[in-house]
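Features as listed in TrEMBL:
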ACT_SITE  249  active site, proton donor
ACT_SITE  382  active site
ACT_SITE  491  active site, proton donor
ACT_SITE  516  active site
BINDING   602  Ca(2+) binding site
DISULFID  445-477  disulfide bond
TRANSMEM  29-49  transmembrane segment
């Protein structure tokens, strides 16, 4: 494809580049004028020079047919020569128009985008030189990078929506700048004490906030910050550590973040780092069943499970939330092992009986049998169901097995877990050994968005029914916010003893900047355009600003029912990756990261749909 189409227009009227190498508008106009004058001069010469068409045909085109016509001087060939000349002139006019368009496109780009275009062309030439199956210096297949549509969007036309969207971008800038100032290179920020914070989930890997925020920076067109983060990744992100990490958390945040940054920007460093980390995670699958360990030492390759997890079991939401990232790792690396590992998980699950069609949260990786029969669409279970649906969507709806597994599971959830309170609120309860616990977690609130996303493909004309379910869950989760003092949602809320959508236990009253309710608002807005979802999202923005914004960033709170919040002093990396990104998209047009081209991993990192035509054997290394 033409170089000019490799990168989308990213400059908008509201963003001024501060780079000294950027072109001013007047300079662009002068350059365009000079270029146009030069082309016109050349074009005019073609018409007025004697025998110009023959000259051109002989010098530039070297067509055998044209050469024959110009050598022979017979009258019978003169008409053919005239017709050929007209075709040549028409082609020149077309090439002239194309050159002008490409010149305009190039002048509108930032210098770094032009450099990326040149690099992409070099990569393309290298690929053609190497032929099919060519490798680069890191022994990776050379891939022709094509950015999927909608990586960046336009400003909303509605003034109020535009103003709110800009406010959310300012929130992102404040959160990011605070992290840069007080915790750069650390995994997360302590915004009250203004210092770095590291969770043991990442072992001694650093920079979780940087990697998690990469795509949000790009989507919000914060390009200088994106380049700074890219430089840090290139120079400092190191996976050669003798430390134990959470396979699940490292996959969704680091692998997902790096993959997304690659697909948005085309920068090879992100592809290489994602594959390096993916290879480090493969030893986690060395179990008798192939069900991966929860924890893995990246140096020794020794894995184990959480000691509290039902006799050393693996957790459904952890081993079931690798599929999207690992399928893309196989595409980008040419190594089928990643895809084989996650497809084997399905084989193990397909052999097991499911109690009432439900998937228990615990599975022993040695015996291949279920642990405790505890079922949840919230913590420990949630993203397993999400990835069944998204595996089908990401495959361009060719993964029929994933589709069937999702809709069968959703039917079992509706039958056994979904209930309506006496006050009319629909909720998804938890199931423990056949008994329902009438509790719903903040994490479960993602289900409204999931059900809406899958409603269009629902079997037996259930689309309308599932959209109603999604809307009811969104309303319940909004009520969990509205019924608190701070207008922020608790970690868990109950429907028993006359209580509805309220946390009754102290260890359920905290709010840690979670995204799931905002996520559902975003999906519901995209599918219905009901303005209440944007209003509910704006209510959350106001509450975040009032109660979570502190001098050094954004902090969670320990009790959403207290009138004087006690901050927990952690700015979670997912606040930048998910909460702020979903808010930004809630107030963006639908063509910004459109669902027909992008699927979000469970950390809100957008990954492109793998288009059907790209799976042909004659196009093994192309991506869309």
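The backbone N, Cα and C atoms fix where each Cβ goes, glycine too.
Bear in mind that TrEMBL entries carry predicted annotations, made automatically and left uncurated.
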Cβ atoms near residue 477 (disulfide bond) (within 10 Å, other residues, all chains): 29
Under 8 Å by Cβ from residue 382 (active site), counting only residues of that chain that are 6 or more apart: 317, 376, 443, 444, 446, 447, 602
Spatial neighbour of residue 516 (active site) that is closest, considering only the recorded positions 249, 445, 477, 491 and their CA atoms: 445
Local Cβ density at residue 516 (active site) - other Cβ atoms counted within 10 Å: 23
Euclidean distance between Cα atoms of residue 249 (active site, proton donor) and residue 445 (disulfide bond), Å: 20
Chain-internal residues near residue 491 (active site, proton donor), provided their CB is under 8 angstroms and they sit 6+ positions away: 441, 442, 503, 507, 508, 509, 510, 511, 512, 514
Cα-to-Cα gap, residue 477 (disulfide bond) vs residue 249 (active site, proton donor), nearest whole Å: 25
Residue, out of the recorded positions 249, 445, whose Cβ gathers the largest set of other Cβ atoms within 10 Å: 445
